[in-house]
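Database features (Swiss-Prot):
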COMPBIAS  36-51  compositional bias 'Low complexity'
COMPBIAS  81-99  compositional bias 'Basic residues'
COMPBIAS  122-137  compositional bias 'Acidic residues'
MOD_RES   S122  phosphoserine
CARBOHYD  N360  N-linked glycosylation site
REGION    470-483  region 'S4-S5 linker'
INTRAMEM  520-531  intramembrane segment
INTRAMEM  532-539  intramembrane segment
MOD_RES   S607  phosphoserine
COMPBIAS  636-647  compositional bias 'Basic and acidic residues'
Amino acid sequence: MEVAMVSAESSGCNSHMPYGYAAQARARERERLAHSRAAAAAAVAAATAAVEGGGGSGGSQHHHHPSRGACTSHDPQSGRGSRRRRRPHPEKKKVHHRQSSFPHCSDLMPSGSEEKILRDLSEEDEEEDDEEDEEEEGRFYYSEEDHGEECSYTDLLAQDDGGGGGGGSGGGGYSSVRYSDCCERVVINVSGLRFETQMKTLAQFPETLLGDPEKRTQYFDPLRNEYFFDRNRPSFDAILYYYQSGGRLKRPVNVPFDIFTEEVKFYQLGEEALLKFREDEGFVREEEDRALPENEFKKQIWLLFEYPESSSPARGIAIVSVLVILISIVIFCLETLPEFRDDRDLIMALSTGGHGGLLNDTSAPHPENSGHTIFNDPFFIVETVCIVWFSFEFVVRCFACPSQALFFKNIMNIIDIVSILPYFITLGTDLAQQQGGGNGQQQQAMSFAILRIIRLVRVFRIFKLSRHSKGLQILGHTLRASMRELGLLIFFLFIGVILFSSAVYFAEADEPTTHFQSIPDAFWWAVVTMTTVGYGDMKPITVGGKIVGSLCAIAGVLTIALPVPVIVSNFNYFYHRETENEEQTQLTQNAVSCPYLPSNLLKKFRSSTSSSLGDKSEYLEMEEGVKESLCAKEKCQGKGDDSETDKNNVSNAKAVETDV
């Protein structure tokens, strides 16, 4: 009896099980202990009676439990089919033990019979408990040992329904979907911050670093079963959202633009995503502006007149163009000086054949005696030289441009046309007046006024300097990006002008010496006051008018102060972007040479001071032909001991190719 109790206690529950399962196991253990004591007593009594009687039935010395054959089967059909009918009630288990195992105990030998009986009972109970646990685990996952396959519980239900003749879909509406297809997850560790997503989310973009299994394999950590990237953590939120949203890329506010751009390039999201992101950030595409003509001769001409940094001749042409523009602007301003304006008016009157004004003055020289005409005027000669250069430059650029449609859509080319046309219109009008003679003083005065207006357009030549000035280009980009803010500023000023001009008019209506005779007369005062200029030519006199003027000045300060910071922010953005581009150009010039890169090609890449026309074309075509000039990977990898040096050279060469 003592041996039986010790054997029963030795097969106790596992103390490392969870609390709920451990309590149930202890309850079952107490039931088995009581049952074992009763069974041991009955077995000892039966064995003693059998020895004394000297007889007994000759049966097999050991029988398996009736349910063990079904429980231990690993057949995928019979084993799974028997799982649903295998769990008897605990009370039935007790009866089953008594009816199946105990009648055969009479054949056991007295020596050690109690210990063997208890061992068999304990093993059978443990096997039944293990099978019950396996059946519970089978609800989620099942392993077929014979075939080495892994399938979900829903697959087993589908197989049982199809092969075992089970009716319906079963499983409470579960479908036959593989576990790996719907629930396969991947863990991504970015500098210690772990992200978890599904494989199908990354598979939407198979060309990217995370979407291509082969590309991301080199970052896999088998010990932690995760992918590790030593990259910027805040940027990865937007990178992962790019996969989750199906292609929407938005930079976090706490990540600088250059850092986020590097992360986008590292994760290989593609050029299309990068270009779209740059457009959202305010960048302007320049692919069309950077296009080159297909004809070689036109290409050289286009490089000379369009890209001053291409070569020394192109830089010289740019300097000449800037000087001509400055001379034209200086002449436009000097001809309005009083000492030159009288002669200019006289020449214009002589050319138009007028007989009034200066010509009616007795002190004025007579037209027949004066040898001055518009064609021998120094200002006209200088203006003609400038126009000849502008016309030549425009015609050559129009001839060599890659696309005529894009050429005439460019705002800089439109400015060139506007700056050239007034000269030819003025020249044609002067020639027509000289050939036609005097046709009336009123008609001549009208034509003279029109010519003055047309000549005023010459002031737009100053915008031609923006072609050669980065500062003016930045200002143009700033104004174009701030059109909405400028529109709001004008709208606010318009509302303020209407409001305060009306208020000051009615406030000063009873004052006889007031300057505000009408509301339109007060518009000028409202604009000057709101912009804090304050000329003082118009001012309120009454107390009510002064109060309105004070409110107008305060409202003007607030109105201008609201949109101005946004405009300044846009200017800083474009300025820093231009600075970053210049820094990248300097880094490109300091790139380490590759041993397989031709020295003359690298020399022309580092400095563009050559004198031939073909140098810049080769410089700009380097992006297309650099792959043929750089060392191939196979050649670099076949150097043996110099593999590390070759790898560095390849990386530097790639940097050169990217920066170009």
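Heads up, the Cβ atoms here are built off N, Cα and C, so glycines get one too.
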Which sequence-distant residues neighbour the intramembrane segment (532-539)? Criterion: at least 6 residues beyond either end, Cβ under 8 Å.
515-516, 521-522, 524-525, 549, 553, 556-557, 560
Under DSSP, the region 'S4-S5 linker' (470-483) has how many residues in helix, strand and coil?
13 helix, 0 strand, 1 coil
I'd like to know the mean pLDDT over the region 'S4-S5 linker' (470-483).
85
Summarise the compositional bias 'Low complexity' (36-51) by DSSP state, stating how many residues are helix, strand and coil.
16 helix, 0 strand, 0 coil
